[in-house]
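For reference, the structure discussed in these notes is given below.
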Amino acid sequence: MRILMNKFVGAVQLIIDIGNTSISFALYRLDKMQIYCKLGTKRDLSFKELYKFLKVKFDYKVDQVFVSSVVPVIDTVLINAIVSLYKVNPLFIRFDLSYDLSFNLYNNNRFVLGSDVFANLVGAIEYYNINDALVVDLGTACTIFAISRREGILGGLINGGPFTDLNALIQNAYLLNDFNLAVPKKLLGLSTIDSVNSGVIYQYKYLIEGVYHELRHNYDKEFRLIITGGNSYLVLPLISVDFIANLYLTLEGIRILGNAFKGDY
(Lines of atoms letter the chains of each structure in order from A and count residues from 1; the text may use other names and numbers.)
(Lines give C-alpha, C1' and ligand atoms only; values in the text may rest on other atoms or scores of the structure.)
Protein backbone atom coordinates (compact mmCIF):
# COMPACT_ATOMS: atom_id res chain seq x y z
CA MET A 1 0.00 0.00 0.00
CA ARG A 2 1.24 3.45 -0.90
CA ILE A 3 2.58 5.47 2.02
CA LEU A 4 2.00 9.23 2.00
CA MET A 5 5.19 11.17 2.50
CA ASN A 6 5.94 14.85 2.95
CA LYS A 7 6.70 16.29 -0.49
CA PHE A 8 9.16 18.71 1.08
CA VAL A 9 11.71 16.49 2.81
CA GLY A 10 13.05 18.18 5.92
CA ALA A 11 10.46 20.96 5.77
CA VAL A 12 9.47 22.58 9.04
CA GLN A 13 5.68 22.65 9.20
CA LEU A 14 3.42 24.54 11.58
CA ILE A 15 0.04 22.83 11.93
CA ILE A 16 -2.85 24.82 13.42
CA ASP A 17 -6.31 23.67 14.49
CA ILE A 18 -8.65 26.57 15.31
CA GLY A 19 -11.49 25.16 17.40
CA ASN A 20 -14.39 26.81 19.20
CA THR A 21 -12.75 26.53 22.62
CA SER A 22 -9.02 26.45 21.91
CA ILE A 23 -6.44 26.76 19.15
CA SER A 24 -3.89 23.94 18.93
CA PHE A 25 -0.44 24.49 17.43
CA ALA A 26 2.12 21.82 16.53
CA LEU A 27 5.54 22.17 14.93
CA TYR A 28 6.66 19.23 12.78
CA ARG A 29 10.04 18.43 11.32
CA LEU A 30 10.69 15.27 9.29
CA ASP A 31 7.03 14.36 9.86
CA LYS A 32 7.57 14.23 13.64
CA MET A 33 5.89 16.54 16.13
CA GLN A 34 8.49 18.60 17.98
CA ILE A 35 6.43 21.21 19.85
CA TYR A 36 2.77 21.31 20.88
CA CYS A 37 0.85 24.02 22.71
CA LYS A 38 -2.61 25.60 22.92
CA LEU A 39 -4.15 29.05 23.08
CA GLY A 40 -7.69 29.83 24.19
CA THR A 41 -9.99 30.79 21.33
CA LYS A 42 -11.05 34.43 21.45
CA ARG A 43 -13.21 35.84 18.67
CA ASP A 44 -11.58 39.24 19.24
CA LEU A 45 -8.03 37.81 19.07
CA SER A 46 -5.76 40.60 17.87
CA PHE A 47 -2.89 40.51 15.40
CA LYS A 48 -0.50 41.77 18.09
CA GLU A 49 -1.52 39.07 20.57
CA LEU A 50 -1.26 36.22 18.07
CA TYR A 51 2.01 37.48 16.58
CA LYS A 52 3.57 37.69 20.05
CA PHE A 53 2.36 34.18 20.92
CA LEU A 54 3.84 32.70 17.73
CA LYS A 55 7.08 34.63 18.17
CA VAL A 56 7.53 33.30 21.70
CA LYS A 57 6.44 29.70 21.07
CA PHE A 58 7.52 29.10 17.47
CA ASP A 59 10.45 31.38 16.71
CA TYR A 60 11.82 29.14 13.94
CA LYS A 61 12.16 29.19 10.19
CA VAL A 62 8.83 27.70 9.13
CA ASP A 63 8.46 26.44 5.56
CA GLN A 64 4.77 25.53 5.49
CA VAL A 65 1.66 26.29 7.53
CA PHE A 66 -1.46 24.11 7.31
CA VAL A 67 -4.65 25.24 9.06
CA SER A 68 -8.07 23.88 9.96
CA SER A 69 -10.51 26.51 11.19
CA VAL A 70 -14.10 26.38 12.38
CA VAL A 71 -13.96 30.00 13.61
CA PRO A 72 -13.74 32.08 10.40
CA VAL A 73 -13.67 35.40 12.25
CA ILE A 74 -10.10 34.59 13.36
CA ASP A 75 -8.82 33.54 9.93
CA THR A 76 -7.73 36.95 8.65
CA VAL A 77 -5.82 37.73 11.85
CA LEU A 78 -4.06 34.37 11.58
CA ILE A 79 -3.15 34.87 7.92
CA ASN A 80 -1.67 38.30 8.62
CA ALA A 81 0.36 37.02 11.59
CA ILE A 82 1.67 34.00 9.65
CA VAL A 83 2.64 36.00 6.58
CA SER A 84 4.26 38.72 8.68
CA LEU A 85 6.30 36.34 10.84
CA TYR A 86 7.13 33.45 8.50
CA LYS A 87 6.74 34.98 5.02
CA VAL A 88 4.62 32.04 3.83
CA ASN A 89 0.95 31.77 2.91
CA PRO A 90 -0.99 29.30 5.07
CA LEU A 91 -3.05 26.56 3.42
CA PHE A 92 -6.53 26.25 4.89
CA ILE A 93 -7.73 22.66 4.72
CA ARG A 94 -11.21 22.26 3.22
CA PHE A 95 -13.23 19.21 2.20
CA ASP A 96 -13.77 20.58 -1.32
CA LEU A 97 -10.10 20.81 -2.34
CA SER A 98 -8.21 18.09 -4.23
CA TYR A 99 -5.88 15.76 -2.36
CA ASP A 100 -3.67 12.86 -3.40
CA LEU A 101 -4.74 10.31 -0.79
CA SER A 102 -4.47 6.52 -0.79
CA PHE A 103 -8.27 6.14 -0.90
CA ASN A 104 -11.36 7.91 -2.24
CA LEU A 105 -13.21 9.89 0.42
CA TYR A 106 -16.37 10.25 -1.64
CA ASN A 107 -17.12 6.89 -3.24
CA ASN A 108 -20.84 7.14 -2.46
CA ASN A 109 -21.75 10.63 -1.27
CA ARG A 110 -20.04 13.99 -1.18
CA PHE A 111 -20.46 15.33 2.33
CA VAL A 112 -20.20 18.94 3.45
CA LEU A 113 -17.91 18.58 6.46
CA GLY A 114 -16.21 20.86 8.92
CA SER A 115 -12.47 20.87 8.29
CA ASP A 116 -11.80 19.38 11.75
CA VAL A 117 -14.06 16.37 11.13
CA PHE A 118 -12.56 16.03 7.66
CA ALA A 119 -9.03 16.00 9.12
CA ASN A 120 -10.02 13.44 11.77
CA LEU A 121 -11.37 11.00 9.19
CA VAL A 122 -8.36 11.29 6.90
CA GLY A 123 -6.02 10.99 9.88
CA ALA A 124 -7.76 7.82 11.04
CA ILE A 125 -7.38 5.98 7.74
CA GLU A 126 -4.00 7.32 6.60
CA TYR A 127 -2.13 7.66 9.90
CA TYR A 128 -3.17 4.24 11.22
CA ASN A 129 -3.35 2.55 7.79
CA ILE A 130 -6.66 0.86 8.58
CA ASN A 131 -9.71 0.04 6.48
CA ASP A 132 -12.68 1.10 8.61
CA ALA A 133 -12.87 3.56 11.49
CA LEU A 134 -15.39 5.15 13.81
CA VAL A 135 -13.91 8.47 14.88
CA VAL A 136 -15.14 10.28 18.00
CA ASP A 137 -14.07 13.84 18.79
CA LEU A 138 -15.13 15.14 22.21
CA GLY A 139 -14.71 18.89 22.35
CA THR A 140 -17.18 21.76 22.32
CA ALA A 141 -19.25 19.35 20.25
CA CYS A 142 -19.23 15.56 20.18
CA THR A 143 -18.78 14.35 16.62
CA ILE A 144 -19.03 10.66 15.73
CA PHE A 145 -18.28 9.79 12.11
CA ALA A 146 -17.67 6.54 10.26
CA ILE A 147 -15.32 6.10 7.33
CA SER A 148 -14.30 3.17 5.14
CA ARG A 149 -11.29 2.90 2.88
CA ARG A 150 -13.44 1.11 0.29
CA GLU A 151 -16.68 3.11 0.58
CA GLY A 152 -15.46 6.52 1.74
CA ILE A 153 -17.23 8.65 4.34
CA LEU A 154 -20.33 6.84 5.62
CA GLY A 155 -21.80 9.68 7.70
CA GLY A 156 -22.05 10.64 11.32
CA LEU A 157 -23.76 12.15 14.35
CA ILE A 158 -23.13 15.50 16.06
CA ASN A 159 -24.12 16.29 19.65
CA GLY A 160 -23.14 18.90 22.18
CA GLY A 161 -19.92 18.18 24.05
CA PRO A 162 -19.75 17.57 27.83
CA PHE A 163 -19.28 21.17 28.93
CA THR A 164 -21.73 22.44 26.31
CA ASP A 165 -24.37 20.09 27.73
CA LEU A 166 -23.52 21.03 31.31
CA ASN A 167 -23.68 24.76 30.61
CA ALA A 168 -27.04 24.41 28.87
CA LEU A 169 -28.43 22.55 31.89
CA ILE A 170 -27.06 25.07 34.40
CA GLN A 171 -28.51 27.99 32.44
CA ASN A 172 -31.96 26.40 32.51
CA ALA A 173 -31.99 24.94 36.04
CA TYR A 174 -32.45 27.67 38.65
CA LEU A 175 -31.07 25.73 41.63
CA LEU A 176 -28.11 24.16 39.85
CA ASN A 177 -24.76 25.89 40.33
CA ASP A 178 -21.70 25.57 38.13
CA PHE A 179 -19.16 22.86 38.96
CA ASN A 180 -16.22 21.10 37.35
CA LEU A 181 -16.93 17.88 35.48
CA ALA A 182 -14.87 14.85 36.48
CA VAL A 183 -14.73 11.15 35.67
CA PRO A 184 -17.61 9.66 37.72
CA LYS A 185 -16.61 7.28 40.51
CA LYS A 186 -19.78 5.25 39.94
CA LEU A 187 -22.85 5.25 37.73
CA LEU A 188 -25.44 6.38 40.28
CA GLY A 189 -24.78 9.68 42.04
CA LEU A 190 -25.88 10.27 45.65
CA SER A 191 -26.22 14.06 45.35
CA THR A 192 -27.55 16.43 42.71
CA ILE A 193 -24.04 17.42 41.63
CA ASP A 194 -22.81 13.82 41.48
CA SER A 195 -25.92 12.75 39.58
CA VAL A 196 -25.59 15.55 37.02
CA ASN A 197 -21.89 14.78 36.63
CA SER A 198 -22.65 11.10 36.10
CA GLY A 199 -25.49 11.85 33.69
CA VAL A 200 -23.44 14.22 31.55
CA ILE A 201 -20.44 11.89 31.27
CA TYR A 202 -22.09 8.47 31.08
CA GLN A 203 -24.33 9.54 28.21
CA TYR A 204 -21.21 9.70 26.00
CA LYS A 205 -20.03 6.26 27.07
CA TYR A 206 -23.34 4.69 26.08
CA LEU A 207 -23.68 6.81 22.93
CA ILE A 208 -20.20 5.91 21.70
CA GLU A 209 -20.46 2.22 22.56
CA GLY A 210 -24.00 2.00 21.19
CA VAL A 211 -23.08 3.53 17.84
CA TYR A 212 -19.95 1.37 17.69
CA HIS A 213 -21.86 -1.89 18.18
CA GLU A 214 -24.69 -0.83 15.86
CA LEU A 215 -22.34 0.05 13.01
CA ARG A 216 -20.30 -3.14 13.33
CA HIS A 217 -23.56 -5.10 13.11
CA ASN A 218 -25.23 -3.10 10.31
CA TYR A 219 -22.19 -2.73 8.07
CA ASP A 220 -20.51 -6.04 8.86
CA LYS A 221 -17.19 -4.22 9.19
CA GLU A 222 -14.49 -4.38 11.85
CA PHE A 223 -14.59 -0.67 12.67
CA ARG A 224 -11.68 0.55 14.78
CA LEU A 225 -12.83 3.03 17.41
CA ILE A 226 -10.59 6.10 17.58
CA ILE A 227 -11.24 8.79 20.19
CA THR A 228 -9.79 12.29 20.25
CA GLY A 229 -10.68 15.75 21.55
CA GLY A 230 -9.81 17.93 24.51
CA ASN A 231 -12.64 16.57 26.67
CA SER A 232 -12.09 12.91 25.86
CA TYR A 233 -10.26 12.41 29.17
CA LEU A 234 -13.65 12.48 30.91
CA VAL A 235 -14.93 9.45 29.01
CA LEU A 236 -11.90 7.31 28.14
CA PRO A 237 -11.70 5.53 31.55
CA LEU A 238 -15.32 4.41 31.13
CA ILE A 239 -15.17 2.95 27.62
CA SER A 240 -15.41 -0.85 27.75
CA VAL A 241 -14.63 -1.70 24.11
CA ASP A 242 -11.21 -1.61 22.44
CA PHE A 243 -10.22 1.86 21.27
CA ILE A 244 -7.31 4.03 20.19
CA ALA A 245 -6.89 7.37 21.97
CA ASN A 246 -5.00 10.09 20.10
CA LEU A 247 -5.22 13.67 21.33
CA TYR A 248 -3.35 14.85 18.23
CA LEU A 249 -5.45 13.09 15.57
CA THR A 250 -6.85 16.32 14.10
CA LEU A 251 -3.36 17.81 13.80
CA GLU A 252 -2.08 14.64 12.14
CA GLY A 253 -4.97 14.75 9.69
CA ILE A 254 -4.32 18.41 8.86
CA ARG A 255 -0.65 17.62 8.23
CA ILE A 256 -1.49 14.65 6.00
CA LEU A 257 -3.98 16.71 3.99
CA GLY A 258 -1.52 19.56 3.63
CA ASN A 259 1.13 17.22 2.30
CA ALA A 260 -1.40 15.60 -0.04
CA PHE A 261 -2.88 18.84 -1.40
CA LYS A 262 -2.81 18.98 -5.21
CA GLY A 263 -2.32 22.61 -6.13
CA ASP A 264 -0.57 25.85 -5.29
CA TYR A 265 -1.28 28.20 -2.41
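Including glycine, each Cβ sits where the backbone N, Cα and C put it.
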Swiss-Prot records Asp17, Ile18, Gly19, Asn20, Thr21, Ser22, Ile23, Ser24 as ATP-binding residues. Which of Thr140, Thr143 is assigned to the same site?
Thr140
Close binding-site residues near Asp17 (ATP binding site), where close means Cα within 10 Å, chosen from Ser115, Asp116, Val117, Asp137:
Ser115, Asp116
Around the ATP site recorded as Asp17, Ile18, Gly19, Asn20, Thr21, Ser22, Ile23, Ser24, Thr140, what other same-chain residues have a C-beta within 8 angstroms of the site's C-beta center?
Lys38, Thr41, Val70, Val71, Gly139, Gly230
In DSSP terms, helix, strand or coil for Gly19 (ATP binding site)?
coil
